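Only one structure is covered here, and it is reproduced in the block below.
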Amino acid sequence: MRSVLSFALLAANVVSAAVLAPFDYSGYKVVRVPTQKGNVKEVQRIITDLNLDTWKYPKAEGQNADIVIPPSQIPSFMERISGMDREIMHEDLGMSISNETTFEAYSAGYAPDINWFKSYHSYQDHLSYLQDLQGLFRTRSEYVDAGKSHEGRTIPALHLWGKGGKNSKPAIIFHGTIHAREWITTMVTEYMAWSFLSEYNKNADITSIVDNFDIWIFPIVNPDGFAYTQTSNRLWRKNRQPNPGARCPGRDLNRNYPYQWVGPGSSSNPCSDIYRGAEAGDGTEIKVHIANMKKIAAYKGIAMFVDWHSYGQLFMSPYGYSCTARPPTDARHQELSRIFAQALKAVHGTPYKTGPICSTIYQVNGDSVDWALEVLKVKLSLTAELRDTGARGFVLPADQILPSGEETLAGTVAMLKAVIKG
């Protein structure tokens, strides 16, 4: 999801089982203002006049404005929106972040189980967990150091396979946490990895999927940004790559892929949260992921790519760069999206909206989905926005990790069964 947060922040050391100390958001509120006929420009004016940051910025009538308000601006803001509908997403954002960032301890060498999904975790604990998980299933999986981030962190991946051995079937590739603050995507992609491994030869549908595809799961595509959200700014989005001549670091990695790179769905301003970079594909992590995906494609091709995001409860298809163009495979993409959403909803009743990226959420240039479909020629290329629709937004309580994983797995299994069926 998109926003324009840019605060100066304090750093703190990451310690498992400790409450982390990022920038103090105590007293900040997050308020949703649904736009209606005639008030879009007024809501935009309030945001500009009070110099407020947004999690969602309203561009048209009917879109929600999810607005972050510092304590000093709350009286003015509430006066300005008097008479408008509003919903409090976070009464005290600092308290919500404090509750979310109390990590449960994880000891390397522990046999992973469902308890991992009771809490969010530090970057280093994610590496230990993935290696421990793979260690339980050595004959049909491998832990892969897929490459290094700009700051030298490991970009981890799990590679899973069934009958026929590794690299013998078309690949499924899942990406999580390309946007640093979207922590639920890290946990949900790991839940799917855990389920595909632990339920193989127990659950017939999962066994069939693992036997029919090579599965590659990259839970932390943007490790530098992810680590930064745990030490300095919980709401950071981009990577941490410096921008020469600019005071603001980072580029939005999902605006940096070398396809339809320039357009209104990205920014040339290094301080923007949707900064596309100085050149197409110049992000350190994007270079790593392009190289990995090309390598995987060279084996038996890529049957499906899914880039997991939050928040919004959406499951979307190409294109992001255009709201009018459609790929030749549009009907198949829409069919599979509906199958995913229906199966997901059957688990906990969570509704998902489906459709093309541009017309469903907003216009995007240089995104992974369009690049994978048009440049790498992946057969099916999709993206999701996981829970929720805005009640908690990016700061999703830990008690929603497990239900998010359960319903996303159900949707994914149903969708991949349909792919196998043809």
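Glycine too: its Cβ is placed from the backbone N, Cα and C atoms.
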Recorded substrate site member, picked from ARG237, ARG326, ARG332, that accompanies HIS179, ALA180, ARG181, GLU182, ASN254, ARG255, SER310, TYR311 in Swiss-Prot: ARG237
DSSP-derived structure type at GLU385 (active site, proton donor/acceptor), helix or strand or else coil: strand
Residue pair HIS309 (Zn(2+) binding site), GLU385 (active site, proton donor/acceptor) - Cα distance, angstrom, rounded: 5
ARG255 (substrate binding site) versus recorded positions HIS179, GLU182, GLU385 - nearest by Cα: HIS179
Candidate with the highest Cβ count within 10 Å, taken from the binding-site residues GLU182, ARG237, HIS309, TYR311: ARG237
